[in-house]
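Visitor: Dropping a structure here in structure tokens format, bear with me for questions.
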Amino acid sequence: MHGLLLAGLAAALPLGVAGLPARQQSGLSPRGIDINPYRFASMAKYSEHKATSQMVHSFSYSKDDDYVATATKLVKSTFPNMTFRTVKDHYIGTNGIGHVHFKQTAHGIDIDNADFNVNIGRDGKVFTFGNSFYEGEMPKTNPLTKRDFADPVKALHGAIKTLKLPVKPQSAKAMPMKEAETFMFEGTSGALSEPMAKLVYIQKDGKLHLTWRVETDVGDNWLLSYVDSKETETVHNVVDYVASADYKVFAWGLNDPTEGQPTMIKDPWNTTGSGSPFTWHGDGEMDYTVTRGNNIAAQDNPSGGGQWENNYRPESPELSFVYEYNEQMEPEQFKDFAITQLFYTTNTFHDLLYSFGFTEEAGNFQMNNNGKGGEGNDFAICNAQDGSGTNNANFATPPDGQNGRMRMYTWTTAQPSRDGDLEAGIVIHEYAHGLSNRLCGGPANSNCLSELEAGGMGEGWGDFYATAIRLKQDDTRETDYTMGEWAANMEGGIREYPYSTNMQTNPYTYADVEGMSEVHGIGTVWATILYDVLWNLIDEHGMSKNIMPKFVNGAPSDGRNLAMKLVLDGMTLMPCNPNFVQARDAIIDADQALTNGQNKCALMKAFSKRGLGSNYKHGKNRVNNFDMPADC
């Protein structure tokens, strides 16, 4: 999660680091760096499928072009006088849609928040696209000619001073890397990895600003700080990545210890599809007898430090991870059980998301991509009972090819203390931050949920997946669910309202976002809308009791899994830093691509109920629209 935490806690997390709450709870306080004053402004535009289909009739195609070439032609025709580069993370999703991402440049230097994403349909034509390209006046001179900007060491000092980062630059020295104007700093302390800097432009207030993008991983935050290239104590914007065998465990679908008892589960990867070809304890080269494999390395981390490889993990030569737990035990007494539970939950979610399309090419978290594309070497590092905090959790999501990092904390809200590793909804929420940060804007760009409304949707997606997965067979659309209630020991959970289709129980509509300035509150609104989407699709298609979906013509046959698939596919279509309206359109477009639009009216019924009706146009102020499309 961008922090599962309660409302004041979340804003402090880093780029990709996500944390939990929304309702205030005694004993909880903000941790880390508050990046809200430094968030990028929203600039993305999105052309949904219907508008794109009408527009591209005049677009020149060649049957000999591949999908990347077609996408490139669209960008060139849209902005013929601009320069850009193709990001090396294009792929074809499981729904047959090709995804290509471009980065705008000026004088060969990236404009870091200027992106163009093109989605190509099965017919080879442009399906949808979005962009945030800068259209203002370009710098007339190449800054690399005069080099009248500060060196990267000064930028590092500026970021540390302005943001009060716990990094000591001491005798920092900038060492050049292979990529132009990119440096790694030696001689620092306080960060979990060596800080980095890269010279980039950003667009802000209608102008381009040359900046040093300073990257610092300080645990609770993994930041990209855009420091002015001349006035190095001026930080323009900040992005945070931290947005965190036999097994005796709480089985998939049990959210927490109040819903059932631990049971024995044998070789669970046999029931979770093709996402783990090496099982959960191998990576194609090594076989492990601990809670480590191709997808996940789960261990304790009582010190809260950045070292993980040699930390304690349960070990069993027979792969029998069977440990005791009862509610009277303190967390350190059931450490083995907690690590095993975390390993089980994250691996199962990995495999489920794989079936929906979060594959190697899409930027998932795996050590060995088995020749299927993507960067690899980036399994998720999952720390149980992490000592760096309490009463929260977070997940850091750097770009594809770098490890995701989850940190699960104990909760001092009850006696004995409770362990977030045992509340599956918290774990799923956190891992979903990795999903959304890798899919939105492409796997090579983890900066695409950095604006306030987009970051709120990142929180909402986490709650949505956590809630969808915990549904029971006898639930109905009248069933309500809370978030974090067990771990926080808080009746009603950590969100302002429970998730409910009842407008009296949860009255949120899109207009409520207008007065919000914190991602968890915004996320609760988004997840509320998606909860209505979920139940509309379940009412249409039913709900399977199986862990993995059954696919018919590429689409899950039941409503719960169809909702999760469409939400995931929507992430791949929408532009970098989307708003609610663009996300709505992307989900509608995802259904068009997957089912030829069979669920359009069920989807729009949910969106319009909560204020995102068919005639809503995103403007300066958020005012509800409850209209339904004429063909519904």
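Even glycines carry a Cβ here, placed using N, Cα and C.
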Visitor: Can you dig through Swiss-Prot and tell me which residue of Asn81, Asn270 is labelled N-linked glycosylation site?
Guide: Asn270
Visitor: About how far apart, in whole Å, are the alpha carbons (Cα) of His429 (Zn(2+) binding site) and Asn270 (N-linked glycosylation site)?
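Guide: Here the two Cα atoms are 24 Å apart.
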Visitor: Through the lens of DSSP with three states only, how would you label Asn270 (N-linked glycosylation site)?
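Guide: The three-state answer is helix.
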